[in-house]
There are 2 protein chains.
Amino acid sequence: MEYRKIKDEDNDGGGSSSGDLESLRGKPISVTNVASKSSELANWKRKSVVTLALTVLTSSQAILIVWSKRAGKYEYSVTTANFLVETLKCALSLAALARIWNHEGVTDDNRLSTTLDEVIVYPIPAVLYLVKNLLQYYIFAYVDAPGYQILKNLNIISTGVLYRIILKKKLSEIQWAAFILLCCGCTTAQLNSNSDRVLQTPLQGWIMAIVMALLSGFAGVYTEAIMKKRPSRNINVQNFWLYVFGMAFNAVAIVIQDFDAVMNKGFFHGYSFITVLMILNHALSGIAVSMVMKYADNIVKVYSTSVAMLLTAVVSVFLFGFHLSLAFFLGSIVVSVSVYLHSAGKLQR
Amino acid sequence: MEYRKIKDEDNDGGGSSSGDLESLRGKPISVTNVASKSSELANWKRKSVVTLALTVLTSSQAILIVWSKRAGKYEYSVTTANFLVETLKCALSLAALARIWNHEGVTDDNRLSTTLDEVIVYPIPAVLYLVKNLLQYYIFAYVDAPGYQILKNLNIISTGVLYRIILKKKLSEIQWAAFILLCCGCTTAQLNSNSDRVLQTPLQGWIMAIVMALLSGFAGVYTEAIMKKRPSRNINVQNFWLYVFGMAFNAVAIVIQDFDAVMNKGFFHGYSFITVLMILNHALSGIAVSMVMKYADNIVKVYSTSVAMLLTAVVSVFLFGFHLSLAFFLGSIVVSVSVYLHSAGKLQR
């Protein structure tokens, strides 16, 4: 299978991206590894910066969504906004590449031209997300929207399981415990008086929720496999190809779903200042996700977005006068303990 | 201070009760420690049996309370029932002692007569519980009954902190994380649509809840210190003295609170079959708690009663047709992970 092949190549040549603070601590200090030590420190710093960026961008994303809801409903086409997000990401990747070509010249690692063998895997995550988004329309026959938000926490578990199976990266037992806690903590933080309804979800709803979680987890893990398959390949080239296929699939979605609206009311109908901010935010978040996939991993991504969810709620208290529930406090404590256990679990190995 | 002295003596001579499965695993197998190995295995078995007994008795206690509520309100005096519980525990301890005297004869460890130095500490837990029970009447000015049930989970944290400070026994960082999770998990499992009210508790209510948690934790930890101060002293003698003071304090409580009712309607007014079962159950649970204090510790007791709380809810589904909430499932998973982490955290040392 394709992803198995990717993994094997990654194992052979891709050691540089796995260095982190913990492997650094484990090594005895000697003259010979001073160079590798400073490169590992640089890797760890880069990993921290992209993780922080993802957390801040994801938090502000959710806040923009709340803001846009408060400001009233804007009748723009979601598919056109998604297309613009992909286009903006593509443009930003090209701009970054142009700068690199100016400074370093065109090399094997940063040239845009590619082989069929390299490019053939890039459409796969886009296809997986497309199938998942299509299923999303059908699941609402079985669950309401708040129930779906709760079931989406299954993504955490599916990502962990697929990360283990497909990328063959091991988590310690403590880290697995931390992962289960992360899922429980996030769900607890979202509990409200109507949450129990989700227990009445029929079997079809559960199956669809699990399939969607697996598709979403698989897309994430597959993207990581693609980004890490060629560790020395410039990330902007990888992003460019990933986003070009994203643009293509979203163009198809516009034609299928919103052709009439775009033809009659125009491509940008219903756009507002907040819509533009949201597109900008989604584009930057998307690039941050790619960087986390390249320089960190899916586990870091899941923790980062979970912590962002909690930060959003706290910020919303000040911005929108939200009230925090006891369940939110308890869930936040469980998530915090999970973050601690994830790093404590690493140290044991 | 008195409890410091107890601890020091315990450290000098009381190593026999600290053996458990984990310390067993850590030792290399040799001819010389086969004897200590089999004694440690016996200790571990005894610890498991008393822990299981406490869990089952605590679960059935809660189920009896639900049953008695369903069967209608019985207007018996709580103080007379408490007095009978203490009397029954005293009688059972004496019966066990009589049997031991018949088999082994009277020795220094199992004789009932005692010194002032030994006996002077036994009333202290009874006094602490008395003060705590008095405070209980006043806290309801600030919190409602379900809110108080939630605040009672602070006992978990206070027990852990006092166990560390007073008995000077260390928990690993993973075990502390597990303890915080146990508190969050138990609280989450008890959440209902009115739980958020507890966040409106005024400062006085919080202070009283914390003081009560400290009193309860202190009483538990102090009882453990008493039981372990003299490891070779027969547990039935220690129980006898503990319960004699319990009888005395409950006799005082009868006079203060229910003197008129007992005089006019009789000591056993309002007693039913369920009341008798509850007295029997409380007496056996009390003895199980003493045994857990002697052969295990307060941490085991807290885990045992927390798991019992969850078992009660599950059994109530079958017995009384209760519905389990999503919060209960999430809390149960967090408690289960906490139990796992508590034992996984031990292995690291």
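Including glycine, each Cβ sits where the backbone N, Cα and C put it.
The region 'Disordered' feature in TrEMBL is assigned to A:1-24.
As annotated by TrEMBL, transmembrane segment applies to A:174-191 (among others).
The feature transmembrane segment is assigned by TrEMBL to A:203-227 (among others).
Annotation source TrEMBL lists transmembrane segment at A:239-256 (among others).
As annotated by TrEMBL, transmembrane segment applies to A:268-290 (among others).
Long-range contacts of the transmembrane segment (A:302-320) within the same chain, counting only residues at least 6 positions beyond its ends with a Cβ under 8 Å from a Cβ of the stretch, are 51, 54-56, 58-59, 61-63, 66-67, 70, 155-156, 159-160, 182, 185-186, 189, 292, 328, 331-332, 335, 338-339, 342. The transmembrane segment annotation in TrEMBL covers A:302-320 (among others).
According to TrEMBL, the feature transmembrane segment maps to A:326-343 (among others).
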Practice task
Would you confirm whether the transmembrane segment (A:174-191) and the transmembrane segment (A:268-290) meet the contact rule of 3 or more C-beta pairs below 8 angstroms, pairs 6 or more apart in sequence?
Solution key: no
Exercise for the section: Sort out the residues at least 6 away from either end of the transmembrane segment (A:268-290), same chain, that have Cβ-Cβ distances under 8 Å to it, and list them. Expected result: 50, 53-54, 57-58, 60-61, 64-65, 67-68, 71, 74-77, 80-81, 84-85, 88-89, 92-93, 223, 227, 235, 238-239, 242-243, 261-262, 301
